[in-house]
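Please read the structure below before turning to the comments.
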Amino acid sequence: MTNKYVYLFSEGNASMRNLLGGKGANLAEMTNIGIPVPHGFTVTTEACTKYHEDGQSISKEILDQIYESLAKLEEATGKKFGDNTNPLLVSVRSGARVSMPGMMDTILNLGLNDIAVEALAKLTNNPRFAYDSYRRFIQMFSDVVMGIEKRLFENKIDEIKEKKGVEFDTELNADDLKTLVSQFKEIYKKEKGEEFPENPKVQLVESIKAVFRSWENPRAIVYRRLNDIPGEWGTAVNVQQMVFGNKGETSGTGVVFSRNPATGEKGIYGEYLMNAQGEDVVAGIRTPLPILKLREQDPVIYEQFENIVNTLEKHYKDMQDMEITIEEGKLYFLQTRNGKRTAQAALKIAVDLVEEGMLTKEEAILKVEPKQLDTLLHPTFYTEDLKNATPIAKGLPASPGAACGKIAFSADEAKERAALGEDVILVRLETSPEDIEGMIAAKGILTVRGGMTSHAAVVARGMGACCVAGCGAIKVDEEKRTVEANGKIYTSDDSISLDGTTGNVYGEKIKTVTPEILGHFATFMSWADEIRKLKVRANADSPRDAHQAVEFGAEGIGLCRTEHMFFAEDRIMAVRQMITSKDLEQRKVALAKILPMQKSDFIGIYEALEGKPVTIRLLDPPLHEFLPSADEDIKSLANEMRITFEELKSTVQDLHEFNPMMGHRGCRLAVTYPEIAEMQARAIIEAAIEVKKDKGYNIIPEIMIPLVGEIKELKYVKDVIVDTAKKVMEEKGVTLEYKVGTMIEIPRAALTADEIAKEAEFFSFGTNDLTQMTFGFSRDDAAKFLSAYYDKKIYEQDPFGKLDQTGVGSLIKIAVEKGKSTRPDIHLGICGEHGGDPSSIEFCHNIGLNYVSCSPFRVPLARLAAAQAQVKNKR
Ligand code: PEP
Ligand code: MG
């Protein structure tokens, strides 16, 4: 049986997204529900995968199917490829399963050659239009398909404009464009060593191959990694009859949304340009008009347009992002998709669609990307500081949030300076897909040109980065590296601030603040909480973080890293003294200093949690993070300890480890120095007794022993805790309930979890270490070589960011099963970084963990991801 690799739009439907890509599936769906869509066909994602598997070659089987569909397209349109009276012209566009804006390449006006262009000129009675289309096509084909530098063509356009003394492309006439066509062909011949292909079939096949190749271009790969899109999906290619928005004043093109993608406000929103092609709107070269103007310009078309927009929104039950073209008074929809939107808009739309009866709460929960919530938790300007600031310019509010940083003039510069820890704002005339890494690195993005649908705006919204676009009021000199605004010059040493919600630009530093969860956000999150089964806790080590976590909806603390309580300048000395003590006596002196600090922190945390559960982990410091290294630090510590500098320096050298991450840390520290565990257990229990007495909260501390690999070491440390707790309770004359459990972060612990569970009342999966130990990748060093693994497609994702469900996940499943076999009611959670990653959270839901724990800022994300996991996989 032969595989079907090509589908006419009339043969597909919306459910075939995996095979036809999002764009292809929606074009098919629109065709079938009677929306005016230009005819076309889709070459499947499987054809893309096969093309790459076959060593970047397109098989005869696929070619035959393309030609067969082309013949059907010619029949449906009554036009023919390369015809001298009625030529067929097509667009060739990529379309993956999920949309990747600006990431892949598009070719328009394909099918033009020396014969077809004359026919088009006659047919439209518009030679200027015909030759303009032709020169655009040669340019695009040469650049996108053949990799010839764009600049070579642009230079020729500039030359001819200069010669004629005109400013705009639109001022060139048919003869000028004809001259350009022949000059462009010469460039092609010179660069490629062969004539420009006049045969439209060759043009088509080469273009399809180029789209397939673009799936593997560096910016597509970066975008995929950023958005968790697997490389194996491939992209489909859509071949569609061209309709022209640049045929004169009754033609036009637009990009429209069924609701406002920045705010979520109900009502059609978008931009259009008469006498223009789609790229003119998207590239932001000419400034488009708001779509409502079309109502005045052509009420009949507008009404038809409005009806279709409403039909599409109801059909897809979501906000739609559509491309339209009007060709000589006839309206076409070139594509529709669920629109990208800001987090604010996503929440408003989800809540509104439930209130309008279009969606159930469960369906609405799936409409917001968990990672998007992040942007809402990001700073806004401090109101008092903002009051005193005056904007130096105003652009379009392209992506909300507030950002402040020094000016960077290129994506590379932004990337480099951000890597050195500097906050930067990327300032550009306009951005292009090559800029993606700089856009990720920058705190905010400011562009001079472009509308709400320009590249910078779309990509920034997708990433949740603050962006002000189309800010024509500033002058950027990329060569001199200056920004001129309001009569003043700013350089890379100057800070500016952007307000992506209003479009204001400020020539100074403005303090930012973290927002609260209110309005639609709060309503939406309350639905997520109703639905989810998985609890969400936070990793927090200070009363301040604990407060923040509770504010973001944490139901307790899943990991309090006690060693983090000692990073502060005034405390580290005591810890260093504890670590470098030569004997028990010296250590006890240090511990006596630490005990009251620990106790007061625990009191603060218990109070912030108001009785919610809290897991406190015993000290787990990789020694190298705490040891003094500078002579100065060693000297002052030696003074404090009343020993000589030399003596202490030699102790520090003795403590040096070759592999500190696998060294003297975790419970190994408590095994060698039980007095440390004793001090910590005392602080935990005493603080709980005090807060319970003073505030009446029922605190049940969960004491967690880290880095356990063997039941006997767990038992040893647990005995120290139990003895100490007993002693404290006797001293205070009260009883207090508490729990002792362990982290599972060493493969041996997972494999022997049935034994470990006999002593542990709970497990918390420390997937940072478990990943490190399972892969044998050092947590500290892996980043240095992992990029080579991504480039070579050995791994697509950082296993420290997204749980490796196959390997590390298997160990977790084994531990859950074995743990339950000896302690059926064992309480289970995760506290590694993966506890804040949506796909990892879904995994935790599916294997039946009780909770996930993540950093406070990821708590809302985790609440939503847990609800989505429940909707997708009922538990
Ligand atoms: C872990 O290993 O996953 C963990 C949470 O502990 P830490 O990151 O402190 O080693
Ligand atoms: Mg760990």
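Using the three backbone atoms N, Cα and C, a Cβ is placed for every residue, glycine included.
The domain 'Pyruvate phosphate dikinase AMP/ATP-binding' annotation in TrEMBL covers 59-299 (among others).
Annotated domain 'Pyruvate phosphate dikinase AMP/ATP-binding' per TrEMBL: 303-353 (among others), in sequence order.
Per TrEMBL, active site, tele-phosphohistidine intermediate is recorded for His455. In the shown protein chains, 22 other C-beta atoms lie within 10 A of the C-beta of His455 (active site, tele-phosphohistidine intermediate).
Residues annotated as domain 'PEP-utilising enzyme C-terminal' in TrEMBL: 519-870. Averaged over the domain 'PEP-utilising enzyme C-terminal' (519-870), the predicted model has a pLDDT of 93.
Its Cβ taken as reference, Glu745 (substrate binding site) is surrounded by 26 other Cβ atoms within 10 Å in the chains shown. The substrate binding site annotation in TrEMBL covers Arg561, Arg617, Glu745, Gly766, Thr767, Asn768, Asp769.
Among the features that TrEMBL reports, Mg(2+) binding site is placed at Glu745, Asp769.
Look at TrEMBL and you will find Cys831 tagged as active site, proton donor. Here the Cβ of Cys831 (active site, proton donor) has 28 other Cβ atoms within 10 Å, regardless of which shown protein chain they belong to.
Proximity of the recorded positions His455, Arg561, Thr767, Asn768 to ligand 1, judged by a Cβ distance under 6 angstroms to any of its atoms, singles out Arg561, Thr767, Asn768 in sequence order. Sorted by the number of other CB atoms within 10 A, the binding-site residues Arg561, Arg617 start with Arg561, the lowest.
Taking a Cβ distance under 6 Å to any atom of ligand 2 as the criterion, the recorded positions His455, Thr767, Asn768 reduce to Asn768. Separation of the C-alpha atoms of Cys831 (active site, proton donor) and Gly766 (substrate binding site): 6 Å, rounded to the nearest whole number. Under DSSP, Gly766 (substrate binding site) is assigned to coil, being neither helix nor strand in the three-state scheme.
Long-range neighbours of Gly766 (substrate binding site) (same chain, six or more residues apart, CB within less than 8 Å of its CB): Pro706, Leu707, Met743, Ile744, Glu745, Cys831, Gly832. In three-state terms derived from DSSP, Cys831 (active site, proton donor) belongs to neither a helical nor a strand segment and is classed as coil. DSSP gives Arg561 (substrate binding site) a strand state. Of the listed binding-site residues Thr767, Asn768, the Cβ environment within 10 Å is emptiest of other Cβ atoms at Asn768.
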